[in-house]
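Please read the structure below before turning to the comments.
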Amino acid sequence: MASSTDTILKGKYPAKEHVRKVVEYIKSKEPEAEGVLYLEAQKTIMIEDNDEAAPFRQRRFFYYLTGCDLPDAYFTYDIATDKSTLFIPPIDPESVIWTGLPLSPKEALALYDVDEVLTTDTINAQLALPNQTKVWAIAPQISTHITFLEFPQKDFTLLKEAIEEARVRKSEYEVALMRKANEISKVGHTAVLKAVKHAKNERELEALFIKESIANGAREQAYHSIVASGTAAATLHYMKNSEELDGKLNLLLDAGGEYKCYASDITRTFPINGRFTPESRSIYDIVLSMQSQCISMLKAGVSWDEVHLLAHKVAIEGLLSLGILKGDKEEILKARTSVAFFPHGLGHYLGMDTHDTGGHPNYEDKDRLFRYLRVRGNLPEGSVVTVEPGIYFCRFIIEPYLKDPAHAQYINSDILEKYWEVGGVRIEDNVLITKDGYDNLTTVVKDVEEMEKIINES
């Protein structure tokens, strides 16, 4: 029996609904807004000094208003008539022998949620129709051969802002795409759990995750996977994925497949030999508590700053209980000493991009506790946010705190010495914000006993 997710995804991507959301935002800024929205797909780009095309990644602004993943396409939408038109490349007889017949306008009309499909060789003629008023476009994404001569007014800034804000609140279809991406990524994460005890190298596990992603329908990765063993897990965006596993305690796997342009972003940390050391287990339990308490706060309207603050409070209490921190918990929080162990933001919006639009971060914030928080303000219903607390033992980050009396007074360096080999622990889920609560889209195992059981029975 097909799942509700699969049933939803049998329909068309709701491009027209998205266009109307974007226009609603534009009209909130300019109530009398009229004219034409104009967007371009990503171009076919050739690899430098090569006759092969570079890997294709559709422009997210274009996809949001079309659902079309074809390169070299165009899109217009007439605000007054509510008419959307997709322009796709015409048949190139020279290319058919190599790549087969392209999508026809008739096929495209049946596939995409637009009112009309024409070929790209007609775009300038369509833009030259009389009685035009204003064109809304994105400045860096306009081809040199495109002219807007018939438009007395041009706005190359508001459309991008409008799409970025509209993307925050996900439609039912978008949520289904992200749920599907999470389902596929669960297969990959579980496969890595089953393989880790007998694997020799990080790259084996990265390859396994990618294999399972592709085999189950996620042909692209949402981002470069992080497969960090041992102390490498203290590097937030570790990229090497090539170290031997022998002699390491834990593996941090931050990996998510992308399904039809929509991302998953999942992190799990687990023991390579199938059993956490006491030190690793104690840190894992703190991080799991950080995550569970933060998730329990989530609902429409909650302040993300407050949720992030709670994560630090839970971290401080946990590190105090282990003796890594010492002193008064309120003073430690006020000093921001916990940032030494939890230096990043609690999470970010998720959607077509891993770090999705609309978060309004303030990287100039003088308060280091909030400086790297990628979402500021209150979470709206329909948004999807990652909840990814972590505790890390990174010498490069922590040692300056040990040399600063303002922080050193709160850190027990003797007890800290026992935890360097833990490296880092992060747990990350993708959570939909609902009116009265939340819906966790991520179902990858994170209970310690269950993880260890899977590792040891494989």
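Backbone N, Cα and C atoms are what each Cβ position is placed from, and that goes for glycine too.
If you check Swiss-Prot, you get these features:
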type    : residues               : note
BINDING : ASP254, ASP265, GLU428 : Mn(2+) 2 binding site
BINDING : ASP265, GLU388, GLU428 : Mn(2+) 1 binding site
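Under DSSP, ASP265 (Mn(2+) 2 binding site) is assigned to coil, being neither helix nor strand in the three-state scheme.
The Cβ of GLU388 (Mn(2+) 1 binding site) has ASP265, THR267, GLN291, LEU346, GLY347, ARG426, ILE427, GLU428, ASP429 as same-chain neighbours under 8 Å, each 6 or more residues away in sequence.
One way to see the shell of the Mn(2+) 1 site is to take the Cβ centroid of ASP265, GLU388, GLU428; the remaining same-chain residues with a Cβ within 8 Å of it are ASP254, GLY256, ILE266, THR267, GLY347, THR386, VAL387, ARG426, ILE427, ASP429, ASN430. Close to the recorded Mn(2+) 2 site, the chain also has ILE226, ALA255, GLY256, ILE266, THR267, THR386, GLU388, ARG426: residues not among ASP254, ASP265, GLU428 whose Cβ is within 8 Å of the site's Cβ mean position.
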